[in-house]
Amino acid sequence: MFSESLRISEIFYSLQGESRTSGLPTVFVRLTGCPLRCNWCDTEYSFSGGERRTIDSILQQVAGYGAKYVCVTGGEPLAQPDCLLLLKCLADAGYEVSLETSGALDLAEVDARIVKVMDLKAPGSGESGKNLYQNIQHLDHKDQVKFVIADRADYDWSASKLIEYDLAGKVSDVLFSPVSTGVEPAELAEWILADRLPVRFQIQLHRVIWGDKTGV
Ligand code: SF4
């Protein structure tokens with residue numbers, strides 16, 4: 001029994017729209033709150049509000065969907081300390097669990113079974129000063145690093161970090177994703193191909209299917 005509680009914006013079942021498991025049916029647990037304010041944030045509705053839920057009740061709802069994959073996201077999930085216990089409970093229950101995190105909070109205590117999908121914030125986000133580069137030492141071959149790219153300056157910055165930290169040799173996938181209101185996807189794709197970067201281009205699949213709708 002886990003009576004610890006977390007503030008939750010929403011729990012829903014959909015197709016994973018990003019990362020290596022893009023396209024797979026997944027339960028999303030979106031935690032409320034984020035200490036960052038990225039210029040292009042598309043989940044501002046998760047900054048406040050939500051509902052306090054016990055870990056037991058979260059586990060019960062997640063089980064009801066009968067899915068194999070669970071993604072804990074936000075906001076910034078790690079802004080709530082009991083997120084660490086939630087992640088452990090989900091892994092104990094046998095799910096393949098991923099954590100989407102801004103890269104600004106310490107990953108040292110995250111359960112080793114969790115797939116970490118960590119952002120490195122490029123300058124266009126306005127939050128690159130919050131990147132906690134020591135988190136890279138906590139990433140391994142099952143984890144992923146995501147760069148959200150607004151323009152050519154962000155692309156050049158991301159390519160330089162890719163090399164500086166040997167990210168392609170360290171994690172399973174380095175994800176380059178265009179900001180929906182920024183660089184054209186085709187342009188970003190051409191830059192990646194021209195430079196022969198060992199990264200995975202991605203666009204948000206859920207937006208292609210459902211547009212700006214929330215809860216999908
Ligand atoms: S870290 Fe994520 S949730 Fe927080 S402001 Fe940036 S994009 Fe939005």
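Yeah, the Cβs are placed from backbone N, Cα and C, and that goes for glycine too.
All annotation found in TrEMBL is predicted automatically rather than curated by experts.
Just one of Arg30, Arg37 is listed by TrEMBL for the same substrate site as Leu15, Gln16, Gly17, Thr73, and that one is Arg30. Per TrEMBL, S-adenosyl-L-methionine is bound by Trp40, Cys41, Asp42; the candidate from Gly66, Gly75, Gly94 named for the same site is Gly75.
Taking only the Cα positions, the spacing between Cys34 ([4Fe-4S] cluster binding site) and Gly75 (S-adenosyl-L-methionine binding site) is 5 angstrom. The local packing around Gly17 (substrate binding site), expressed as other Cβ atoms within 10 Å of its Cβ over all shown chains, amounts to 21. Sequence-distant neighbours of Asp42 (S-adenosyl-L-methionine binding site) (same chain, 6+ apart, CB under 8 A from its CB) are Ser180, Asp212. Screening the binding-site residues Leu15, Gln16, Trp40, Asp42, Thr73 for a C-beta under 6 A from any atom of ligand 1 leaves none.
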